[in-house]
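One structure below.
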Amino acid sequence: MAYHSAYGVHGSKHRTRAAPDPPPLFDDTSGGYSSQLGGYPAPGADVAFSVNNLLGDPVANMAMAYGTSIASQGKDIVHKELHRFVSVNKLKYFFAVDTAYVAKKLGLLVFPYTHQNWKMQYSHDVPLPPRKDLNAPDLYIPTMAFITYVLLAGMALGIQQRFSPEVLGLCASTALVWVFMEVLALLLGLYLATVRSELSTFHLLAYSGYKYVGMILSVLTGLLFGSDGYYVALAWTSSALMYFIVRSLRTAASGPDSMGGPAPRQRLQLYLTLGAAAFQPLIIYWLTFHLVR
């Protein structure tokens, strides 16, 4: 019994001396972090606080409003300047043509001597479009005639074994430069002569571009009938174009304000019109003589 009791005591003491728990792998520092986090806001709260401050700042709001206003004003200025130099509605007017108008206008350019009324027609102080008024200038015929002239020049150069992209490009650019120079000269002449009329840059560009029709007929006749045919066609188309330019420009430039003007101003208008007409044969010859040999 004693042995058993001693053994029991010894066993109980052995159980009370159990091995201590193993130390943790990481120290528990949650308490320290909790105290530190209490002093700093969360990341999301920082961003929200900055946005709220920006939106609530009157200086920032004023700057944003001013920037928006400046951008809107700049956009309006750009649109205004574009419409000042190139008006889409005005440009559409010069392309408002139909087949009947094109046929009649081409006949008028080739034989204008029997035409009587050269005044442009108006409806409620608005000029009628070209398809309703034969005397109204258009840009469709000059544009198509210029393209046809370039193609015809390429064919003529090819027949003469002188075709190259550089030469064809030089022909096209030279034809455009001459027309623009003529328009600038007319604008300067109208300004110096103090002519008050409804002629715009598009009107002058249309009248100046009608010479391409005579250039096409001259080159085509020269290719078919040689140099003799070329000079006959050149003389005919130049005379017809001169008559057309004199009658058209004189009627368009002589508005109601200029009819009762002084005699020197009327003489300047007449000289300007005659000078523009007399210049047409020289340009036609300069742009076409090298295409016919």
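Placed from the backbone N, Cα and C atoms, the Cβ positions cover glycine too.
Judged by Swiss-Prot topology annotation, L199 lies on the same membrane side as Y271.
The transmembrane segment (139-159) is not in contact with the transmembrane segment (230-249), judged by fewer than 3 CB-CB distances under 8 Å for residue pairs 6 or more apart in sequence. Panel annotation: around the transmembrane segment (272-292), residues 152-153, 156-157, 171, 174-175, 178, 182, 185-186, 189-190, 193, 195, 211, 214-215, 218-219, 222-223, 226-227, 230, 234, 237-238, 241-243, 245-246, 249-250, 253 of the same chain, lying at least six beyond its termini, place a Cβ under 8 Å from a Cβ of the stretch. Mapped onto DSSP classes, the topological domain 'Lumenal' (160-174) shows 10 helix, 0 strand, 5 coil.
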